[in-house]
Amino acid sequence: MKRELLLEKIEEYKSLMPWFVLEYYQSKLSVPYSFTTLYEYLKEYKRFFNWLIDSGISDADDIASIHIKTLENLTKKDMESFVLYLRERPSLNTYSKKQGVSQTTINRTLSALSSLYKYLTEEVEGPDGEPYFYRNVMKKISTKKKKETLAARAENIKQKLFLGDETMKFLDYVENEYEVKLSNRAKSSFYKNKERDLAIIALLLSSGVRLSEAVNLDLKDINLKMMVIDVTRKGGQRDSVNMASFARPYLENYLSIRNKRYKAEKQDVALFLTEYRGVPNRIDASSIEKMVGKYSQDFKIRVTPHKLRHTLATRLYDATKSQVLVSHQLGHASTQVTDLYTHIVNDEQKNALDNL
């Protein structure tokens, strides 16, 4: 979703919310939470508050009138009823015959509510310096995780990674072969953004940064001499991230045409730009997702930018066998998250079985 539309939607949801959610929103902006995260959370709050009114737990006439005491007094049984409602309500997707929403959606809803409750019971300071209330019912509600071993998840993900020489083959395909099948009209659009698209893909494959981190890069954040980029990680921390040297020519090519191609002036600080009717703007996450999906599907299999992050992490672990190094590269505080990559490249177990 484009930034302007996203902000418009956020304002629309904010206009519906009670005062304590607006305070929460303002507080999380300072962390900072991304606008995308806050938008998703506001959607979940709307769903939850509508249920409170429809179920009779709140007698408010509208969401904005819901009293904070309603949240304080919610019981574990109430929250379990809400989860049951999510599991059993008819799907809003016309093409789906499934009842209820997915477990992933339920977990996201509970995560959003946990964040709100933590703010109200621990983080906020009222006039007396104390939180608005102390009873956090969300601490009694557990989320159900998908039952899947790391080995099973690794095998599933492995099919969607560009490992070994496929990393460079993918870049070469976009640069030299993708255009062959295109119509003249499609070629015109492709040529306009070819250098930019290659630079973005190369940056993702060479650094493993998150999509949001790539989108928010400014010109000042990239040092091609040192092959380092400065990014804002989750939680707002600044971090310096190394890039593999294979990305340098793609980034140099893009930077050489950036200003003229995208009509960029001094005030246009974003690294990756789009241009519409002579006006440059920072590229948004959805545009990169569509772009990566389009090229990867034509090359081998449709993947997301996050799979390019997995690709870099797996290749780095394969080369170093160091989970610590991989976790630092990805911006993770612990090595637990990187356990997945040890399973993706675990050929020793297969070799041992072959030798039986």
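The first residue you see is number 1, and the count goes up from there.
Heads up, the Cβ atoms here are built off N, Cα and C, so glycines get one too.
The active site annotation in Swiss-Prot covers Arg210, Lys234, His306, Arg309, His332 and is backed by sequence analysis. Per Swiss-Prot, the feature active site, O-(3'-phospho-DNA)-tyrosine intermediate maps to Tyr341. Residues or ranges marked as domain 'Core-binding (CB)' in Swiss-Prot: 16-121. For 169-354, the entry in Swiss-Prot reads domain 'Tyr recombinase', with the evidence type sequence analysis.
What Swiss-Prot annotates, mapped onto the structure for a quick look.
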| residue | record | DSSP class |
| --- | --- | --- |
| Arg210 | active site | coil |
| Lys234 | active site | helix |
| His306 | active site | helix |
| His332 | active site | coil |
| Tyr341 | active site, O-(3'-phospho-DNA)-tyrosine intermediate | helix |
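His306 (active site) has a Cβ environment of 16 other Cβ atoms inside 10 Å. Mapped onto DSSP classes, the domain 'Core-binding (CB)' (16-121) shows 72 helix, 2 strand, 32 coil. Counting other C-beta atoms within 10 Å of each candidate's C-beta, the active-site residues Arg309, His332 are led by Arg309. Across the domain 'Tyr recombinase' (169-354), the model assigns an average pLDDT of 92.
Taking the C-alpha positions, the distance from His332 (active site) to Tyr341 (active site, O-(3'-phospho-DNA)-tyrosine intermediate) comes to 14 Å. Within the set of active-site residues (Arg210, Lys234), the lowest number of other Cβ atoms found within 10 Å of a Cβ is recorded at Lys234. Arg309 (active site) has Arg210 nearby among the active-site residues Arg210, Lys234, Tyr341, counting only those with a Cα within 10 angstroms of its own Cα.
In sequence order, Ala154, His310, Ala313, Thr314, Tyr317, Gln323, Val326 make up the list of same-chain residues 6 or more apart from Tyr341 (active site, O-(3'-phospho-DNA)-tyrosine intermediate) whose Cβ falls under 8 Å from its Cβ.
Across the structure, His306 (active site) and Arg210 (active site) place their CA atoms 7 angstrom apart. A distance of 9 Å separates the Cα atom of Lys234 (active site) from that of Arg210 (active site).
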